[in-house]
Amino acid sequence: MIEDKNPKRTPLSELGEFKLIEHLTEHFKIEQKSTIKGIGDDAAVLSYGKKQIVVTTDLLVEGVHFDLSYVPLKHLGYKAVMVNLSDVYAMNAKATQITVSIAVSNRFPLEALEELYAGISTAAKLYNVDVVGGDTTSSTSGLIISITAIGEVEKGNEVLRSGAKPNDLLVVTGDIGGAYMGLQVLEREKEVFKVNPNSQPDLSMYTYIVERQLKPEARKDIVELLKQLDVKPTSMIDISDGLSSEVIHLCKQSKVGVDVYENKIPLDPQVISTCEEFNIDSTTVALNGGEDYELLMTISQEDFPKIKGNPNLTVIGYMTEEERGMHLVTRAEEKIPIIAKGWNALND
Ligand code: ADP
Ligand code: MG
């Protein structure tokens, strides 16, 4: 045992995930000329001559990130890849390779892992990335999956979280809140099943949101679309933790403020109707839900004509001077401060 020289014991919940990362990594200095961007973005950016590489990694833990009682292993494999590719696309890069590491217990037969890998394989084929390595080890506490994704982006084309300027437009892709409401439906069905194991859930009213939860798609198409439209966002991040948390990341790293308009936030009709059914406010879900894997970006006003009317891109607000702060402008035209209540694994 290494002797514990520091008897102080600070509970991790006191910091939360983001402060913990900051605390643990604040002393790391960049020494390599090839490191263009280190810790603090969706992916690191490394430069080798004309080539720039992006690298990102994510860890999924059974019981924390997924519940195998309603997540099919094939979907889990697919989603594990998407979570990582999403971070590559958030850098405006093209994903090229992944490595896959797993820790498994004896509880899993070979056939279960084959299912997991069928999902990984489908995702890799569809998104055109090679599976180039990984690691396999045993676990005493369920399944753990760690995927690293590698991508490439031409020098100068990378988009960081830190480039937003006052007056830039805040733009979101697709619609949000679906993955969270899909999870609510699945959790409810799980409870019903516990009481009555013979019950067959009827999910036909919830197909879109359940699919958003179980089988999200990373927005590879958006990186291609932006290129086609000749738009380079000034900043970008993927929506893994919920809109409010990602907006705060962009604002803090870009040193700007924001006004987000509640009535502009794109919601699918199924999200709205399911929110009504569950008696949850749909804006709260959009702001704090997470796992949508859409992209949130800022673009210069000059580029507005290029994106105007595009069904994939919705302007939901604009950036302001930092001193103005971060606000949601409600339907009643009230301004309320945006705070991060995002998904916080450490507080769950
Ligand atoms: P994302 O939600 O996009 O995956 P995270 O919030 O997980 O991003 O991470 C933010 C940044 O902190 C990233 O640059 C990531 O590589 C880095 N990071 C996260 N955890 C650690 C860690 N334990 N040690 C070093 N860097 C970390
Ligand atoms: Mg990210």
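Any Cβ shown, glycine's included, is placed from N, Cα and C.
Whatever TrEMBL says is automated annotation, not expert-curated.
ASP87 is the only one of ASP87, ASP281, ASP292 that TrEMBL places in the Mg(2+) 3 site (with ASP42, ASP238).
Comparing the Cα of ASP135 (Mg(2+) 1 binding site) with the Cα of every entry in THR56, HIS65, ASP87, ASP238, GLU291, these being the binding-site residues, the smallest distance points to THR56. Local packing around the Cβ, expressed as the count of other Cβ atoms within 10 angstroms, is greatest for THR56 among the binding-site residues THR56, THR57.
Residue counts for the domain 'PurM-like N-terminal' (40-153) under DSSP, helix first, then strand, then coil, are 34 helix, 47 strand, 33 coil. Between the farthest pair of Cα atoms in the ATP binding residues (TYR117, GLY134, ASP135, ARG161, SER240), the distance is 32 Å.
Checked against ligand 2, the binding-site residues ASP42, HIS65, ASP87, ASP238, SER240 give ASP42, ASP87, ASP238, SER240 in sequence order as having a Cβ less than 6 Å away from one of its atoms. Take the binding-site residues HIS65, ASP87, ARG161: by the count of other Cβ atoms within 10 Å of each Cβ, the lowest one is HIS65.
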